[in-house]
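Okay, so here's the structure we're looking at.
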Amino acid sequence: MKANIVTLPGDGVGPEVTAAAVAVLEAVAAHYEHEFAFDEQLIGGAAIDATGEPLPADALDACKAADAVLLGAVGGPKWSDPNAPVRPEQGLLALRAALGVYANLRPLTVHPALADLSPLKNEKLKDVDVLFVRELTGGAYFGAKTKTADAATDECKYTVAEVERVTRRAFELARARRRHVTSVDKANVLETSRLWRRTVTRVAADYPDVTLEHQLVDSMAMLLLTRPGSYDVVVTENLFGDILTDEAAALAGSLGLLPSASLGEGSNGLYEPIHGSAPDIAGKGVANPVGTILSVALLLRHSLRLEAEAQAVEAAIDHVLQHGPRTRDVGGDAGTVEVRDAVLKALADYAATHRSYFDGARACG
Ligand SMILES: NC(=O)c1ccc[n+]([C@@H]2O[C@H](COP(=O)([O-])OP(=O)(O)OC[C@H]3O[C@@H](n4cnc5c(N)ncnc54)[C@H](O)[C@@H]3O)[C@@H](O)[C@H]2O)c1
Ligand SMILES: CC(C)[C@H](C(=O)O)[C@@H](O)C(=O)O
Ligand SMILES: [Mg+2]
């Protein structure tokens, strides 16, 4: 197939991990006979430096017209002055809003070879398989903001429609998994969370084959570490989802491992690792590219509908995590490029081994 993919390398380690992920997409195109066209655009601090804007109009137009968008990371100390008139992160939030990608899927699994890196030394860790569905275009991130010399506010607002659509997405996803949804809120304190809980409960009635439990976010932060194996799909609002998924990354072994897919109603989507620009390691060539490469697998699956290719990328990552090389954050001493090259080799081996199956499937239409 032909596909136009916009890349937004951004700041810090963003360009390093994006380059590795693009190499994987190019390899997928070569092995499976697709034509992927890449269009690199500016976002974040790099865009502020070049244009004064964190999301230039050209970049936004290209993203809207693309089949999929792959992002590295935005932000960094250079642009983090609290008095700065414009911030890199605004570009990312504006992009999410403009693309209407309200459902942010953040899958968490724990590779058996990395289970020792987790804060929990639990043999059941390898069975952890959680899909976080984070509401991405509402809540405190997008409410009205006020600022005076001695006070500031961030309005947190949710409408029933916003909660309902992400809840339906979570239940649909649960149907293809273990049919259990945990909805996380703070309904004992927040009015938005009570609206959230009422709406989730009502929508759940349309999915009698899926079980629902509600969990308050503070206790969820603890339970995620003490019994992560009991969760299947976890749906929650924007800010809680941001925090819980970074916590979840500790179970996997590193923030550098987790991918994400941000989806709306159309097939276009935004794909990015859940980590940030990692200023402490930027420019050193040691960033873990696995979260971004796994985001490529999600891009292939959700936007391009290339399931076999998505599985090939996941199998290649699985092989490399098992056998190495690994970056420092996961106990190795390899650089980003060495890991990329190992993934490319594993992908080539996988494609060669599965070639007859692939050709047969294509011959059948
Ligand atoms: N989607 C995004 O673009 C995104 C996401 C999160 C944070 N940020 C931005 O990134 C900047 C830095 O934020 P932060 O330091 O709180 O979080 P961070 O995710 O950038 O880094 C947190 C820690 O994780 C490590 N880490 C992150 N990614 C890694 C990788 N691929 N390989 C190895 N180690 C990795 C870092 O070295 C650091 O020690 C901020 O400006 C923040 O707003 C952007
Ligand atoms: C950079 C920031 C705006 C972003 C968020 O909070 O959504 C990041 O932390 C993430 O998890 O994607
Ligand atoms: Mg985050």
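Yeah, the Cβs are placed from backbone N, Cα and C, and that goes for glycine too.
TrEMBL lists 76-89, 276-288 with the feature NAD(+) binding site. Residues or ranges marked as substrate binding site by TrEMBL: ARG96, ARG106, ARG134, ASP218. TrEMBL lists TYR141, LYS186 with the feature site 'Important for catalysis'. Here TrEMBL flags ASP218, ASP242, ASP246 as Mg(2+) binding site.
Features per TrEMBL, on structure.
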residue	record	contacts (Cβ under 8 Å, 6+ apart)
SER80	NAD(+) binding site	ARG87
ALA84	NAD(+) binding site	none
PRO88	NAD(+) binding site	GLY10, ASP11, ILE43, GLY44, GLY45, ALA47, ILE48, PRO54, VAL74, GLY75, GLY76, TRP79
ARG106	substrate binding site	LEU131, PHE132, VAL133, ARG134, GLY241, THR245, ALA248, LEU258, PRO259, SER260, ILE274
TYR141	site 'Important for catalysis'	LEU93, ASN238, LEU239
LYS186	site 'Important for catalysis'	SER193, LEU216, VAL217, ASP218, PHE240
ALA278	NAD(+) binding site	GLY12, VAL13, ALA73, GLY256, ALA287
ALA282	NAD(+) binding site	ASP11, GLY12, VAL13, GLU16, GLY76
VAL286	NAD(+) binding site	THR327, ARG328, GLY335, THR336
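For ARG96 (substrate binding site), the same-chain residues 6+ apart in sequence whose C-beta sits under 8 angstroms from its C-beta are LEU136, THR137, SER262, LEU270. According to DSSP, VAL286 (NAD(+) binding site) is assigned to coil rather than to any helix or strand.
Among the binding-site residues GLY76, PRO88, ARG106, ARG134, ASP246, not one has its Cβ under 6 Å from an atom of ligand 2. Counting every protein chain shown, the number of other Cβ atoms lying within 10 Å of the Cβ of ASP242 (Mg(2+) binding site) is 17. The binding-site residues near ligand 3, defined by a Cβ under 6 Å from one of its atoms, are ASP242, chosen from ALA84, ARG106, ASP242. Counting every protein chain shown, 28 other Cβ atoms lie within 10 Å of the Cβ of ARG134 (substrate binding site). Proximity of the recorded positions ALA84, ARG96, LYS186, ALA278 to ligand 1, judged by a Cβ distance under 6 angstroms to any of its atoms, singles out ALA278 in sequence order. In three-state terms derived from DSSP, GLY76 (NAD(+) binding site) belongs to neither a helical nor a strand segment and is classed as coil.
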